[in-house]
Structure formats: structure tokens, C-alpha cells
Amino acid sequence: MSDKRRYFGTDGVRGKVGQYPITPDFVLKLGWAAGRVLAKQGTKKVIIGKDTRISGYMLESALEAGLAAAGLKATFTGPMPTPAVAYLTQTFRAEAGIVISASHNPYYDNGIKFFSSEGTKLPDDIELAIEAELDKDIECVESAELGKATRLNDAAGRYIEFCKSTFPSDLSLANVKIVVDCAHGATYHIAPNVFKELGADVVAMGVEPNGTNINAEVGATDVRALQKRVVEEQAHLGLAFDGDGDRIIMVDHLGNKIDGDQIAYIIARDALRRGELKGGVVGTLMTNLGMENGLKQLGIPFVRAAVGDRYVMEQLLAKGWKIGAENSGHVILLDKVTTGDAIVAALQVLASVVGSEMTLHDLSQGMTLYPQVLENVRFVGNSNPLEAQAVLDSVAAVEAELGDKGRVLLRKSGTEPLIRVMVEGEDAELVQSSALKIAEAVKASC
């Protein structure tokens, strides 16, 4: 079997709705192919959640039809954060969990991603087996063996209680005012309740999904509205989740953005303070040098993985460590969850705020972020701009100018047709001009 994936990217199957492969007929067949493979594994039970995109209804029906044709039973949770589906898959002893979401992407995109029975991303061999089944014609099981669909009405309540259980029982969020931005996404009916039930004064925004407003000028990918609201409300801090609840970006009381690197640093330092840190921290190639240096000053080991929470997880498991993060807001805490969980990560930072009696702003000052600029260049076709001589020359020139006081990273996005150009260094103006220079070279080579 070839290890070359045709459909599965770094985070499942994703694309624009109505365009292959995110079409009703393909998703039906994907459900059947997954069902064929999963039926050989055990219970024939699958948990299905989704975010708030209007296309979720269509894709949910197609997916369930395919699973039923393969003889699997589907349990629907309705709109539910990705990490909640991972949790429910474990607690219900299901063979797999499936999430219909395109995470932080616009509403017109959608995707399908799978979790194993342990609540982790599917192993490579299972994904490849599913792709192999997609080459076959659909064969329906006998009528008596067809799968049924049921709905889990208390899914939200179960997950809310789990999230609360990860917050120290001797602490409370009483007298803490929090602005919670749910991006009109899957956390809209969950996150505000978690923090309210722990005692916080919650101001909720991004909690009116209409099918087309997910991630639209709100949430973890655009915190400007949250920054303004935190200052207006004189809140202690703000929390921004992405559309499917696996990314968290925070805002301090002054309106400053606190990214995934800073969040992981705060959590690791607090674990060290309490004598509970197990190993070090895993970041990615995009992790800010400031985080690496900040951890080094504390004597906390740090390694970089490839970009993508899948690769952060691989490094965590290989090293036996518990804390991993991407600066985009994926934070994985393996002593509490099996995948990136934005609500749980936020609760650990809040525990540090309350337990240390320090502000989020003060906690974030332990590390100094280097100026970092990210330029995204859209490309089409099968060409590889990263191999163009003009791009290579541009990168070499910038690296020579930065010397040992900065770095350059170019990579293809695993979820979108983008080339990501990242430049980081001590000199903000040089970093900005260098990123634009390389981005122009990439555009000219596309």
C-alpha cells in the first residue's frame, strides 16, 4: 500500500463546499469507506460532531448514510467542539469520533476529521486503509445489518462537567471578569457556561451562529473585536476560541494579544512552580524564539516539531512530555486531554492567574517575544515556488542580513493552497521588509 495520501491532509479531508472532495457524494463514500475499515476494529459505534457551518447539515447526512451502508451506528452530538468529540469518543467506548469542521477557515469551507477510540488522531495505517477503500465500489451490507443513527442530547452537559473537572477544586473564578469570544462556532453554548459555573463574571460575544458567520471578524483568528471589548468592559482578560474550539488566543486587561506560545509558557512555568512539570515543552518550527529563550532561562527543555498539532503530538509521545503548543493557539496538555483543547488550556492559565494572584499581563512578561511577521501567498497548480531559484536567492540574502539574530521559515500550508513566509528577528523593521521581499519573490514564482 502506498503511503502517499490523496485525500487526508494534516487535519483530515478539507476543502471548499461543493467542490471535490467536499461534495455530498464523496462524503457519503468517505463514510462508507471509513465504516468498512472501522467495522473490522470493534464496536461499530461512531460519535459524530460538527461546528456551526450551514453545510454541516448536508455533510452530516451524507456521512451518516455512508456509515449506515457499512453497518455502523452513528451517534450525533450536534454542534460540539472538536476536543469534546474526542472526549465523548473515549467515554462512550466508540470505535471512532468524526468531526465535520474546517476549524478556523471561512464558512464556505468544511472538512471531515477522524479520532481513534483513544481520542487521538487516526493512525497513518487506518487513514491509508480508508483511502484504499475509496477506490472500490460501494457495497451495502444486508438490510438487517444496516447502521442506525441516534442523538446524544446531553453531550454539551457532559463536556462542560469534564472541562470544569480540569480546574483546581480549591480555586474559584469569583470576582474574575472575562470576555469570551466563541467565534459564532462550536463553543458558543459551552464555553460561557464553563466559566460562569466556576464563578466568573462572563461577557459573551460571538455566540449567535447563523451558519455563515463562523470566524467572521471574531474568534482566535481575528481578536480585534475582543481586544476592544476587554478594554471597554474593564475585564480582567479575554478568551478567543476558533470555530471548532481547538485553538485559544487570549487578551490581557490592557488589550494585548497573548498567543499560543505565551499560553504554553505560562502553563509550563506554573507547573514548574507547583513541582508538577513532567519533562519539557514541544513547540513547532513557527514557535517564537522568545519562548525558547524564556523556557531555557527556567531550565525547561524545549524541542521543535514540524508545523501541525499532529506532529506536536508525535513529539510529546516520543519524549513522554505533557505540554505542547503552536503559536496559532493549539495547546495540547496530555496530562488532561488527548488533543488540543482550547477551553481546558484557558482554564489552566486562569488557574495560574488566580493561584498566583497575578494578572495575565504580568504572567506573560516572563518571556519576550521577538518581532515575527507571517505573509501568506496563495498559489495554484502543481508548481513548487519553494524550489524556484529567485526564492532561494531571496531567502539566502535575508538570512545573511539577519545573521544569528533571526530566522526565516518557508513552508506549504497543510490545509490551504498557501505558501507561508515567516521571518523573525530582533529588528522589527528589518523583519517586516524581509518578509515582504521574500513574499514578492514567491508571488513572482507562482
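Count begins at 1; order follows the chain as displayed.
Even glycines carry a Cβ here, placed using N, Cα and C.
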### Residue in Ser103, Ser116, Ser383, Ser394 which Swiss-Prot records at the Mg(2+) site where Asp242, Asp244, Asp246 also bind
Ser103
### Message
Distance check, please: Cα of Ser103 (phosphoserine) against Cα of Asp246 (Mg(2+) binding site), rounded to an integer number of angstrom.
### Response
8
### Query
Within 10 Å of the Cβ of Ser103 (phosphoserine), how many other Cβ atoms can be counted across all chains shown?
28
#### Entry: Three-state secondary structure, Asp246 (Mg(2+) binding site) (per DSSP)
coil
### Message
Neighbours of the Mg(2+) site Ser103, Asp242, Asp244, Asp246: Cβ within 8 Å of the Cβ centroid, same chain, sequence order.
### Response
Asp51, Pro81, Thr82, Ser101, His104, Gly185, Ala186, Ala220, Phe241, Gly243, Gly245, Arg247, Ala342
